[in-house]
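Annotated in TrEMBL:
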type     : residues : note
TRANSMEM : 21-45    : transmembrane segment
TRANSMEM : 51-76    : transmembrane segment
TRANSMEM : 105-123  : transmembrane segment
TRANSMEM : 156-174  : transmembrane segment
TRANSMEM : 180-198  : transmembrane segment
DOMAIN   : 230-445  : domain 'Major facilitator superfamily (MFS) profile'
TRANSMEM : 233-255  : transmembrane segment
TRANSMEM : 267-287  : transmembrane segment
TRANSMEM : 299-317  : transmembrane segment
TRANSMEM : 323-345  : transmembrane segment
TRANSMEM : 357-379  : transmembrane segment
TRANSMEM : 391-409  : transmembrane segment
REGION   : 416-445  : region 'Disordered'
COMPBIAS : 418-436  : compositional bias 'Low complexity'
Amino acid sequence: MSGDHRTGHRPPTQNAPMLPLYLISHGLSLLGNTVASIALPWLVLLRTGDATAVGLVAAASALPMLLSAVAGGVLIDRVGRRRLSIGADLASAACVAALPVVDGLLGLTVVWFVVLGVAGAVFDVPGMTAREALAPDIAEATGIGMERLAGLRESIAGGVVILAPAAAGGLIMLVDPATVLWLTAGCSALAALVTLALPKAVGARSARPEQSESAGLRGDLGRGLGVLRADRVLTTVTLVSAGSVAVLAPLQNLVLPVHLVSQNSPGGFGVVVSLLAIGGITGAGLYAALGTRWSRRTVFVVAQLTSTIGVAGLALLPPVPVMWAAAVLAGAGAGPLPALFLVLVTERIPEEVRGRVLGLQNAVSMTAVPLGTLAAGLAVDLIGLRQTGGLLAAAWCLVTLAILALPALRRLDTGPVTPASTGPGPETGTTIPGQGSETADTTSG
């Protein structure tokens, strides 16, 4: 097979239109979810008049989202990545559309917000994971290569981060938040229809015999966990991703907004978020264009060091102009990392357990967000805001030094290990499409 042996890059085929379909569905789903995340709290506050209710709805959704990330991975492998993506988007659209319907017929109460909010959250995460798991199928069918596809995915995500809040805020000023939710429901429904246009064979469930429905949820999860634990690169990438969001979430959601509001510059936070997104689009776009020209180790080191300079600059709470420059650097460094990690994990995960492993990874990262934010909130109360920012900067620098020294992350350009089967772990002779035995890493796992 010609092309890049690391990614299974094939010459473009007649399936090339699948690429815009996939990217459009990805963008629509993200747009709907992002607008909903802004409009829903406003609607809760307007209908209940209670700020505590906003927190209650968010807290009530947290555990179901975590469980759905884990269980959804099993469903993805059982019913197929394309099918689950379509079903999750349609279910999410129905749950969001139910909010303005109930509002008009019965009136929304806290109970309704919790019930429908939880229902929508349960479908959002499996849908996101299914679309993520579908990426290698699209890359293989179109010949685009995973580096480029992953970079394009992250560039679209950065664009949504810039456009969606502005669109949501503008719409809320013009119409009731309940009406805005019709837009989010429409985005999810359109995403499902666009995904439906993909060929049925793309992202279908694996026909491999080891995917047995008789194994039960516990057995399926055990096999996914076994694959994750058997490969040190997969394990390390999972922990690095979780550690990153554990620092970035409290920095962006707590430390920066509180600091800028205290400096009478609430609008400055919007600028910082926009600059982070612009930097992210730039970094992800460069990875999409040039990712195959550099070794993965080089991309990782350059991106991680760049993001470290930016994150430390933000966390130390410098003057606003310096903070803006740091935001661009942080975004530019962080932009390629999710794309690179997606390439690494999808090529190392056997197709028949791809949904389970990605679901477990997403669950770990989701758990890190509230834990990091809670720890930062306690630190702000105990030692102050600026000191907490300094701790976050120090934590990021220490994590960077540690992960650059990890042996597993020195082998990013080698292939996955193929261990013997031990219980729920990967099967003997497991291979990844597009990779020959000459790239196998015989030291990891």
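Glycine residues also receive a Cβ, built from the backbone N, Cα and C atoms like all the rest.
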The transmembrane segment (105-123) and the transmembrane segment (21-45) contact flag, 3+ Cβ pairs under 8 angstroms: yes
Contact call for the transmembrane segment (233-255) against the transmembrane segment (21-45), three or more Cβ pairs under 8 Å: no
Touch test for the transmembrane segment (21-45) and the transmembrane segment (391-409), at least 3 Cβ pairs under 8 Å: no
Distant-in-sequence neighbours of the transmembrane segment (267-287), which means Cβ under 8 A and at least six residues beyond its ends: 147, 150-155, 157-159, 161-162, 165, 252, 256-257, 260-261, 299, 303, 306, 310, 314, 320, 323-324, 327-336, 338-340
Which of 51-76, 156-174, 180-198, 299-317, 357-379 contacts the transmembrane segment (323-345) most, counting Cβ pairs under 8 Å: 299-317
Mean of pLDDT values spanning the domain 'Major facilitator superfamily (MFS) profile' (230-445): 81
Paired segments the transmembrane segment (51-76) and the transmembrane segment (299-317) in contact, 3+ CB pairs under 8 A: no
Candidate ranges 156-174, 299-317, 357-379 - greatest C-beta contact count to the transmembrane segment (391-409) (under 8 angstroms): 299-317
Spatial neighbours of the transmembrane segment (357-379) far in sequence, C-beta under 8 Å, 6+ residues away: 62, 65-66, 69-74, 76, 125-126, 128-129, 132-133, 221, 224-225, 227-228, 234, 237-239, 241-243, 245-247, 249-251, 253-255, 345-346, 349, 387-388, 391-392
